[in-house]
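Under the heading compositional bias 'Polar residues', TrEMBL lists 219-229. TrEMBL lists 234-250 with the feature compositional bias 'Low complexity'. Annotated region 'Disordered' per TrEMBL: 211-250, in sequence order. What TrEMBL lists as transmembrane segment is 7-26, 59-78, 85-106, 112-132, 144-165, 171-193, 275-298, 310-332, 344-362, 374-393, 400-423.
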Amino acid sequence: MMDCWKGAICSSWIYPTLIICANGFFSTMRPSESFLTPYLTGPDKNLTVEQVTNQVFPVWTYSYLALLVPVFLITDYLRYKPILLLQGISFIVTWLLLLFAHGLVAMQLVEFFYGMVTATEVAYYAYIYSVVSADHYQRVTSYCRSITLVAATLAAVLGQLLVSLADVSYFHLNAITLASVSLAFVCSFLLPMPQKSMFFHRKGVSETLPQPDKAGAGLSSNTSSSCQQDKGCAPADTGPTPAQQAQQPEPQHHVLRVLVQLGKDLKDCYSSRKLLYWSLWWALATAGFNQVVNYIQVLWDFRAPSHSSAVYNGAVEAVATFLGSATSMAVGYVKVNWDLTGELALGIFSAMDAGSLFLMYFTDNIWACYAGYLAFKACYMLLITIATFQIAVNLSMERYALMFGFNNFIALVIQTILTIVVVDSNGLGLGISTQTLLNEVKQLDYHHFKMRSYRSMGGSKGKKVA
C-alpha cells in the first residue's frame, strides 16, 4: 500500500513541482541579504569598506568561475538531486560562518561557499525538466521562476520591516535566513530522484551503452532539428552513415562522446551571426549587471554610511525586484515583432541603463542613487528577457540549456577579468564609484559596436534564429 502511494506521488508532476517550488522559496527567502554590507562593516564583523570591496566580495566571483563548469557537468551526470543537496549544505555553511565566524579570512570563506551556492543553481532550474513531461514544461517553468521572484520580494520587504520597525539586529536577520535555507535543505531530501537528464542520461539512451551508434544518432537528430531553420547557422550533422562509422573511430566513453557533441552543438549555433551578437550582448550586459548588483550595497553605504544613516536597502531591493518582474512579464504581452524592433529596444534601454549608472556615479544624493538602481535593474530585466526569447526561439531544450549556460560562463569570465583588474586589491583596487562608471563605459562601447555590425549586415529582416 505504502509503495503504491509513493509510486503514485513520484509519477505525478504535481508533487515534484510543489517540492522544488518550496525549495526555491525557502532558499530565496533571505531577509538578511539586502543588509550584508552594513553587517560586515558594522560591529558584528568590524571589517572596513575597503576590505569588503577589494578582498571579500571578489572571492565570490573567483570561486563561482572555478566551480561553474565542473558543477554544470556533474549536475547533469548525477541527475540534479545530489547537487541540490550540495547547494543546501553550502547555504547552511555560508550562514553559519556569517553568524559565528570572525575575521577577514572567515568572510572570504563565506564568499567561497556562496560561490558554490550560485554555481549549483543550475540544478534548481534543470531538475524539473527531468521529472515532468514536456506537456507541463511551460507551466512548471513559470511556477519555479515566479516563486523565486515572490520569495526575493517578500524577503526584502520582511528584512526592511524588521530593521526599520522592529529594530531587529542584522545578526538576527541572518539567523532567520539560516532557518529558511535549512528548510530548503529539508525540501531537497523530499524530491524524487530523476531517472534521466538532458545530456548524460537522456531518455532512450542506455546508461550502459550497449549500442553506442544509436545513442550518437539520437543526439545528432535532436541537434539538427534545432538549427536547420537559420541559413546563417551551419547545418547540424545528421549522424554518420554506416560507412562513415566504419572509417571514423568514435569515442567509446559515454562522457567523452557527450562532451564532443556539446562542443559541436556550440559551434553550430554560434555560426549564426545574429545569435552570436545577441549572445555577446547577453554576456557583456550580464557581467556588468552582476558587478553592479554585487557592489551596489557598498555604493549605498558610501553615499549614506549605515552607522549614521537610516538604511533602506531592503525596500529598494523589493521595489527593484517587482519592477524587474513586471517588465519581464510585459515582454510576453506586448505584440511586437522583436526580430525587427529588438535592435531598437536594445539601443533605447541600453542608453537608459547608461544614464542610470552615470546618475549613480555623479550624484551624492542617496535617493537619486536608489532611483538610478531601480531604473538600471528594470531596464536590464526587460532587455535580458528579449535576448532570452531571441536566442531561445527554435532551440531544442538541450541547446537552450547549453547556450544559456555558456553565455553565463562567458559573462562570468568577463566579470572575473573586471574584478581582477579593477576591484581586487592586487589589481587597481579602484573605488566603488569609479567601478560603476567603468561598467557603463563597457556597455556603451558594446552598443556602438553592435549597431555598426548590425548596419553592416543590412538588418535582421525578421529572420528566424536557430
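Cβ from N, Cα, C; glycine included.
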Cβ pairs under 8 Å between the transmembrane segment (171-193) and the transmembrane segment (275-298), at least three: no
Winner by Cβ pairs under 8 Å against the transmembrane segment (310-332), considering only 85-106, 275-298, 344-362, 374-393, 400-423: 374-393
Cβ contacts under 8 Å made by the transmembrane segment (112-132) with residues that lie 6+ beyond its boundaries: 13, 16-17, 20, 23-24, 27, 59-64, 66-68, 71-72, 75-76, 79-81, 83-84, 86-87, 90-91, 93-94, 97, 140-141, 144-145, 191-192, 194-198, 397, 401, 405
Two-stretch contact, the transmembrane segment (275-298) and the transmembrane segment (400-423), at least three Cβ pairs under 8 Å: yes
Same-chain residues near the transmembrane segment (374-393), Cβ under 8 Å, at least 6 residues beyond its ends: 274-275, 278-279, 281-282, 285-286, 289, 292-293, 316, 319-321, 323-328, 330-331, 338-339, 342, 345-346, 349-350, 352-353, 355-357, 360, 400, 403-404, 407, 464-465
